[in-house]
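For reference, the structure is listed below as C-alpha cells.
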Amino acid sequence: MKDNTHSTTLIFFGNEFPNDDLKGLFRCLLRLSKDRRFRQLAAFLEESTLVLKKEVAALPQPLRDLVPHFHTVLPLAELGDFRQGPLGAAMESALLTVLELGMFIGHYEAEGRDWNLLEHNTTLAGLSIGLLAAAGVALSTNLAEVAQNGAECVRVSFRLGVYVSEISRKLEAPQADGTLLSWAHVVTGETKSAIQDELSKYNSESGTPELLKVFISAADKTSVSVSGPPSRMKACFSSSHLLRYSKSFALPVYDGLCHASHLYNEDSINTVINSAESVIPVSRPVQLSLHSSNTGQPFPAATAHELFQAIGKELLTGTIYLDNIIDGIIKRIEGFNPSDLQVETFRTSIVFKSVRAALEGEFPDLEIKITDLIPWAFRDYGPRLPRSFAHSKLAVVGMACRMPGGGNDTELFWEILEQGRDVHTTVPADRFDLSTHYDPSGKTDNAATTPYGNFVDKPGLFDAGFFNMSPKEAEQTDPMQRLALVTAYEALEMAGVVPGRTASSNPKRIGTYYGQASDDWRELNASQNIGTYAVTGGVRAFGNGRINYYFKFPGPSFNVDTACSSGLAAVQVACSALWAGEADTVLAGGLNIITDPDNYAGLGCGHFLSKTGQCKVWDETADGYCRADGIGSVVIKRLEDAEADNDNIIAVVLSAATNHSAEAISITHPHAGNQKDNYRQVIDMAAVNPLDVSYIELHGTGTQAGDAVESESVLDVFAPRSPPRRPDQLLQLGAVKSNIGHGEAAAGIASFLKVLLMYQKNMIPAHIGIHTVINPTIPKDLEQRRVRLTQTNTPWPRLPGKKRIAMVNSFGAHGGNTTVLLEDAPERNKDVARENRSTHTVVISAKSKKSLQANIANLALHLEENPDIDLGDLSYTTCARRIHYTLRVGFAVSSIAGLKEALRKAGEKEALAEVRPTPGDVPPVVFAFTGQGAFYQGIARELFESFSYFRDEVLQLDHIVQRLGFQSIVPVIDGSIGENPSATVSQLSIVVIEIALAHLWTLLLGMQPSAVIGHSLGEYAALVVAGVLSTADGIFLAGRRAQLIEKCCTAGSHAMLSVRASVSEISKLLGNAKYEISCQNTLNDTVIGGTKANLDAARQVLESSSIKCVPVDVPFAFHTEQVDPVLDQLTRVAETVHFKAPSIPIISPLLRSVVFDGKTINSSYLIRATREPVHFAGAIEAAQDLGMVNDKTVWVDVGPHPICASFVRSLIPKARVASSCRRNEDNYATMAKNLVALHLAGCTPVWDEYFRANEKAYNLLTLPKYAWNDVNYWIQYIGTWTLDKAHLKYTGTNGPPQVKPSSSALRTSLIHEIIEETIGEETATLKTVSDLQHPEFLEAVHGHRMNNCGVATSSIWTDMSLTVGEYLYNKLAPGSKVHMNVGELEVLHATVANPAKNCTQNLYLDAHLDLRTQKMSLAWFNVDPATGSKAAESYATGSVRFEADAEKWKSEWERLTHLVLGRIETLESMAKDGQASQLSKALSYALFKNVVDYADHYRGMERVVMHDYEAFCDIKLTPERRGMFHTPPHWIDSVSHLAGLIMNGSDASNTRDYFFVTPGYESFRLLAKLDPDVKYQSYVRMFPLPEANMYGGDLYILQDNQIIGMVGHFKFRRVPRLLMDRFFSAEAASKQSVAASASSAPKTATKHAPLPASKPAQAPAEPTPSSLPTVQAQNTSPPQQVTPSKPAMNGVKTPEEEKPGKADAEGPNGTTSQPEATGVVGQCLQLIANETGQSVNELTPDATFVQLGVDSLMSLVLSEKFRAELGLEVKSSLFLECPTVGDMMDWLEQYC
C-alpha cells in the first residue's frame, strides 16, 4: 500500500436522469452557457449539438423526420416523452450523456476551480450509459479536453441507442397503441443461480431461440436484473412459480436489449463505435482509471479507441455486477491511502446509495464528502456576462411614439390604455372626403366600404428647420418619414444617446430598422403634383435612410416590409443585428399614416376590414379589423452596453424570431403549428420555461380566423393542459388593437410599446375588445389552464428576486409571424457613492428661439410637478446625456429653488432676446497660467478630494516631484502644510497644480488650447503644456529655480508692489527713485520691485497722488536685481534640459511676441524670463496684431485664482474668460460656473467626462421632450381621381415616341457614355454622362486649381461642345464640312472636383441639334451622388452654330487685323519705355497664382506684355494632347486665359479684396484646329460693362500676324475675396452647388432657393388648433393645374392671416415705417445698409431685397459677413426665402 495521504476523489456517473424537471435542467445549462464564465460548458454543448446534427443527418429519412430542427440540445429535451418512438433509446442515451458531462463541466466552472484531477488521486466509475459520460473525463487533463472528448461520448451514446433499438425491434415490434413495455425487470430476494435455473428452464421448455431468450443482464448480492423481449419476459414470469411470486419491478428500459452477449458481437461494437467518424483522435491517451461495471477493475485501455471499444463491448455484451464495481472502487481507494474522500455524483440513486453505504462501512474513520454536481445550475450568478454578442440580452433604453387618439407621446399613449379608451373615429377630412369615397354597399368602384379608422392628430406637424429641410422638401416628404425622424430623435433623447459618448454610441455602429408597408403619401398626395423631392420624400428606403443621414449614422439602414408585422419584424431584425455584431445601438420601429382611399377599397374588397368599427379582439362578433395610423421608435442596445453606459433600461429582450405560416390553407390565413414553432424558437433561444411567461400581448386583429388560430397556438405552448400551470402562474393576455386599432406596419411596434409601458407602470391595462361574449372558437377552459384575458386594469408587480416575462406577437397578412420575448430590467444598485458637489450645471439648448423658450418653460413646469427631483441627476441628464444646439442657456446652481429662479429669468422675453447662437466653429482657446502671486493653502482641495481624475493626475505629478528630490506638494492641497511653506514647496505646488488643471481641461473636459501664455512662474507650466519641456523637466527647473532663490536670496529684503498706473505714469511720478518694472500686466496695472525700503518710499509717493497700490504677497522681488545671484547657477541647471519645438504657439511675455519655432525658447530664454520684466500686456497685443487672438477668443485661466483672467478682461474688454479655481470659493462652484460659461461660448465641454468618475451614482432622468417648432406640412388630396381612374379607357396605340438606345461608340476623355440618342430627319438629341473622377477628366480639372481645389475651366465645356457638335452633325449630315461657333456659354455654378477617393461625380450633358436653324443647344446638369438623379436645373448652358462659309469670319477679322497688330506694337513700345509691364512665363503664372494655379501643360503663355486692362502674349502650346479630345482644354485655355491674367493680375484691378471669374462668353471660333507646332499670339482689352461688377472684352488669337480665332465678348465678374472658401473648397466640391469659379460666376436666381438649413418652420412650439398654420399645396383644381405656393413662406402664413403688429407698423399715410431694431436684428440691418450703400432708415419691413440690390452674389457676401462679423451662421438663400426686410427680421428674432 502506498504511503500517500493526499485527498482522493471518486466521480460516479449513473445511468438514470435526476428526478428534477429535465427540461428545466437543460434550460439552466443552455442559459448559463451564454455567460462567458462558462466557456467550456458552451463549447461542450456546441460540439455536442454539432455531432448530434451530423448523426441525425445520417439517419434514414423516416427517422430524420422524427427529429425537430434544433440549434441546441434543448429542443430535443423538450420533445415531450422522447422515450417513445424508434429514437427513444438514442435520445435518452445522448441526453443523459450531455446532461452529466454538462453538469460536471459547469460545476467546476461555477466553482472557479481549475480542474486538474491528475494532481489528485482520482478514480471514475459508472453504470451503463454513465460509462460513456465517464469516458469523456477519463480521457481528459482539463475542462477544455472534457468538452472535446465529451462530444465523442455523446456521438457514441446516440449511435448505441439507434443500434440497440434497431436490433431489438427486429426481435419484437413495439405495441401498436404506443404503450411502452419494459425490456428489463429487477428481481429481489432471490439468488442469481436460482433465477438462472428458472430462465434456463423457460427458454428450454418454451423452445425459445437463443436470439430471443430471457437472460440475466445484471446482478448483485440482493437483486438480479432479467432482460428479454417483453412478451417473452411476460411469459417467463407467468410460467415460473418462483418468478411469478417474487418481489420484482419493471425498469424504465423501453427500447431494447443491452448486456446481451448472445445478441451482439465484435461487429456490433465496431458499428456503434465507428472510430472512423470519431471527433477526437483515436490515439488520445487515457488519463484516469475508469472501473468496469462487469469486472470492477479499471478498463485495461491505453487510448481512446481502446477505451470506447471496451465500454461498447461491456454495454452490448457484458453483465453488470454491482458488487464487483464496489469491490473495485474500495480496492482502488485503499491503494491511495487517502486523508479524505471526495465523492462527486449527480443527485442520488439506488445504486449510488449502495456504493455510499459500502464506502462508509469499509472506511468508518475516513471523512467522506459527497458533492452533488447539480445544484450549481440553480444559483444566481448576477448579471449575465455574455461570451459573445449572440448571447447578450438586449436592453430597450428609449421609446417614442405618435399614436391615434392623441397618443402623441408614450405617456399620452399610456393614458389611452389605462383609461380603457376606444379611439376609433370616422375618416377625418384631411385624409379624404368620405362623402364621395365611401359606399357601404360596395357598388362604387374604388370606394371604401367602411368609414372607420384610428388616426394620429395632425400628422403633418413637423419642425422642418430642426431637421435641415426646406418647407417644400418637408411638404413633399411622407409624414411617415417625417415622424420617423421625430420619434427617432425623441427616443434617442429619452435614451440619453449622445453620438460618440461611449463605444456603443459610436455613430458608425448605430443602425436603423423601420417597418413600412404602404406608400399612401407618395402614391396619392405627393403624386398630384410631382416635385423635386418626390423620390427622396416618398420612396420607403429614404425613411430610415434620412434618419441615418440626419444623425450621421454610417451604420446599417433597413426598411422592412412584412405587411402587418413590419414594425415588430423591424425590431426583430434590429435585435438580430445586435446579436450578430453588425451594430451596437439600433433604432427600430414601425410607420403607418393613412391617406389613400385606394387601400381602404382594396382591404374592403378583400374582406379584411370591420364595417362596424373597432377591432373586437376575441369577441364573438369580431368581423375584421379597424385601420390605424401609428408611428413608434425604440432604441435598443446590448444589455451589458446599456449597463456600462448608465442607461435607464425599460425592459430586456431575451429573444426574437420570425417565421412564416407556409402550411396555412391560404396565404392570408394563419397557421397554429407554424406559430407554435416560432414560440418554441424564442423560448428555446432564451432557455425560458413557457410556463413562466406571465403576459402575452396578442396580435389580436379581431378576425374570426386570426383569433381562433392565435388562441390555439398560444394556449398549447404557454398554457398546456399537461403539464398544467401552478396556481401562482397566471397567464394574462391583452391586445392593444382593441384600443387603437390595427396600425398595420405600426401594429407590432404599438404592441411592443404597450408592453414596455406595462413594465414601467407595473400594470396590465384592461382588454376592452370583448363587447358581447368571448368568441366561441376560443377554448373554454381558460380558467382551468390559469389563463385570463384581463378586462380590468390589473397590477403587475415585480416580486423580489424575480423577473416578469412577457411575450409580444405580431403576424403579417402575408403569413409572417414575429415574436419577441422580454423580461424585467436588472435591478439597479443604488448604493453608489457620489462626489459632494456644491454646485451643479444645468444646460438647455434648442435650434430656434421658440423651442428654447418652450424647453425652458417645460423644464420649469417639470420641476414644479416633481419637487423631489435630484439636482445632480438633472445636471447629469441635461449636460452629459443631451445633444447640444447653438441656442443655449445654462446655469450653475446649488439648489432646485435656485434653478427655478434661474429658469424664470431665462424664460423672460428680454433674456431670450439676448441669447445668441454659438458660432459654427469652435472659438480658439488660450490657456493662461498664473504666477506665484496666486498661492494660498488648500488650492484645489475639493477637486483633489472628490474628482478622481484630478487627484490621480496630481499624485502622479507629486510622485515625480518627490523622485526629483523635492518635498511633496500634497500638504499644500489638503492644508496640512502649516504656516509659511518654503518657496520651493509653494512654487512647485503652483506648477504641479497648473499642469494638472491643464490636463483636466484638455484630456478630460475637451478644451484644446490654440495657444498658451504663462505669467512669470506660470510660464513653466505653459511650456510643459506646449510640449517645449517634458513634465519632469518643467518640475525640475521650477523646483531648482525655487531652491536657488531660497539659497541665494534673502526673504523679505525685497518686495513687489502692484500699482494701478501705467509705466509712464509711474516713471513720471517716481522720477529717479530706485525701483524696477517687474510686470506690465495691463496698460494701467504695473508691478514694481525693489528693496523693501525703496518700495515703501515709492508707495508713499504714488498713494499721495491717489494711485492705488497693493503689496504683492511674495517673499522675494522676482524679475529684479534680487534674483541676479541665482542666474549663473540656474543657467547651468537649465543647460542640462532638452528643449523641443512647441506643439502649440506660445505667447511670450518676455519677448512680447508669439513663438512658433523650436529655437527661441532655450536655457537663455528661461534665464532672461527669470530676470527681465513680464510684459503680459505687450504679449497680448502682439498676439492680437498677428490675429491669433481677438474678441471671440476664449481664455481659460489655469491657476489657483483668476489673476490672468482679470488682466485679459482689462486688455480685451469683450473677451470671454473662464477660470479654474478661485480663492475662498468651492472648487465645484468655480468649475460649474466656468464650464457653463464655456458651453455658452461655443466651447462645449466633454460633459460626459465631467461625470464619468462617478457616473453610476447619477440617474438619467426622463425629462420633457424637445419642444418642436411645428408647422402643419400637408398636401391635401383634392377631387375624386382615385375613383375616376376606375373608368379610364386605354387605346393602347397613341403613346410618346420610343427612344431607341444608342449603339454609338462616342467616348472621349470628357464624354464617357451615351445614355440616350434620338436621330430624326432634321433633328437629333443626345444625352451623355461623364464622370469627373475619371482619371483623364480629373487631370483636366486639376490642371486649373483654385483655393487648392480642382475647378472645371470653361475650356472643358468648350471641348465637350465641339465634340458633341461634330458627332451629331455628322449623324444628320454625313460628310458635310462646317465650322463650329461655340457660343452663349453661361456657367451658373462652378464644378469643383470632389477630393474624396473612390467616388463618382457624374455630370449629364443634354444636346439638341436642329438642321433647320443650323444650331445645337447644350445644357449641363449635376447628378445627386446619393440618388443618381439628374438635377432639376442645369448649371451651365451653351450653343453651337454650324457655319459653312468661313470666309465671312476671315473678312470680319481682316478688317480688324491692323488694329490689333497696331495695339500689339504700341504695347511693345510701351514695354521698352517702361510704361508697360513685360512678364516672363514664370512671373506670369506666379502672378496668376493669386487666384488660379495652372498645371504645367496649361501654361502656354511664354511672354506677356500688359498695361492696365490691355495685354498681348506669345504662346507655345505643350505638344501632348493628354487624352482624347476634339480640342484639348489646356490648349484652349492657353490661347485664351490672358483675359483672366489681366483681371486677376493687373495693377488696375483690386486683387486684394476681389478676384475675377468668368461666367462664359458669346462666341468661340477657330478657323483651324490648334496645332502645338505653331506659334500663336493672343491680344485682349478688357473694359467695365454696364452690369454691376462685370467686365468684358474680345480676345483675338493670331498666327503669323493673322487673326485665326476669337473669343467674343469674354466676360468676367468681380467677386469679394472673402467668398473664395465658400465657392472653392472641399465642402463645395461635395455639394456641387457653389456659385462661381474661374470658369463660372454667380447669377441672380430666377427661382427661390430652399430655406436655410438652420431655419425651422415658423410656428409656435405648441400651437393651438385655432392658430396653427397649415402647409399644403394650394390645389383648387385638377393636379396638372396646381400652382405651388410661395416657397419662401410656404406654410408660414395663409393669406387671411395678418402679420402680428402690422397695424402698429403703419405710418400716418398708411406707409410702413421702420420699427426700432435693437440687438442682433439691429446689427444685421446696419451691416446690410453698409454693404448695399443704403441708409438703415430705408430698410423698411416691406422693402424687398431685390429693390435693395441684393442679388445672389450680394447675398453670399452678406451671409459671409454675418458669419465673420456677427458670428451668425445663415445661408445665402435666406435673402431669397425671406424676400422682404420684415420677413428677415422675423427670422432673425426667432433663430438668432
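Just so it is clear, glycine is given a Cβ too, placed from its N, Cα and C backbone atoms.
Feature list (source: Swiss-Prot):
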type	residues	note
ACT_SITE	CYS564	active site, for beta-ketoacyl synthase activity
ACT_SITE	HIS699	active site, for beta-ketoacyl synthase activity
ACT_SITE	HIS742	active site, for beta-ketoacyl synthase activity
ACT_SITE	HIS1344	active site, proton acceptor
ACT_SITE	ASP1533	active site, proton donor
COMPBIAS	1634-1649	compositional bias 'Low complexity'
COMPBIAS	1664-1684	compositional bias 'Polar residues'
COMPBIAS	1694-1705	compositional bias 'Basic and acidic residues'
DOMAIN	1715-1792	domain 'Carrier'
MOD_RES	SER1752	O-(pantetheine 4'-phosphoryl)serine
REGION	1312-1447	region 'N-terminal hotdog fold'
CB neighbours of the residue listed as 'active site, proton acceptor' within 10 A?
27
Nearest to HIS1344 (active site, proton acceptor) in three-dimensional space, by Cα, is which of the recorded positions CYS564, HIS699, HIS742, ASP1533, SER1752?
ASP1533
Including all protein chains displayed, how many Cβ atoms other than that of the residue listed as 'active site, proton donor' lie within 10 Å of its Cβ?
26
Cα of SER1752 (O-(pantetheine 4'-phosphoryl)serine) to Cα of ASP1533 (active site, proton donor), in Å and rounded, measures 28
Using DSSP reduced to three states, classify HIS699 (active site, for beta-ketoacyl synthase activity) as helix, strand or coil.
coil
Consider the active-site residues CYS564, HIS699, HIS742 and say which one has the Cα lying nearest the Cα of the residue listed as 'active site, proton donor'.
CYS564
According to DSSP, collapsed to three classes, what secondary structure does the residue listed as 'active site, proton acceptor' have?
strand
Among all the protein chains here, how many other CB atoms are within 10 A of the CB of CYS564 (active site, for beta-ketoacyl synthase activity)?
30
List of residues, in chain order, with Cβ under 8 A from that of HIS699 (active site, for beta-ketoacyl synthase activity) and at least 6 apart
CYS564, SER565, GLY706, GLU710, ALA735, ALA747, SER751, ASN809, SER810, PHE811
Restricting attention to the region 'N-terminal hotdog fold' (1312-1447), give the mean pLDDT.
91
In three-state terms from DSSP, label the residue listed as 'active site, proton donor' for me.
helix
Including all protein chains shown, what's the count of other C-beta atoms within 10 A of the C-beta of SER1752 (O-(pantetheine 4'-phosphoryl)serine)?
21
Per DSSP, what is the residue count of the domain 'Carrier' (1715-1792) in each of helix, strand and coil?
47 helix, 2 strand, 29 coil
Within the chain of HIS742 (active site, for beta-ketoacyl synthase activity), which residues six or more apart in sequence place their C-beta under 8 angstroms from its C-beta?
CYS564, CYS615, TYR625, CYS626, ARG627, ALA628, THR701, GLY702
Counting each residue once, how many in the region 'N-terminal hotdog fold' (1312-1447) are helix, strand and coil under DSSP?
28 helix, 59 strand, 49 coil
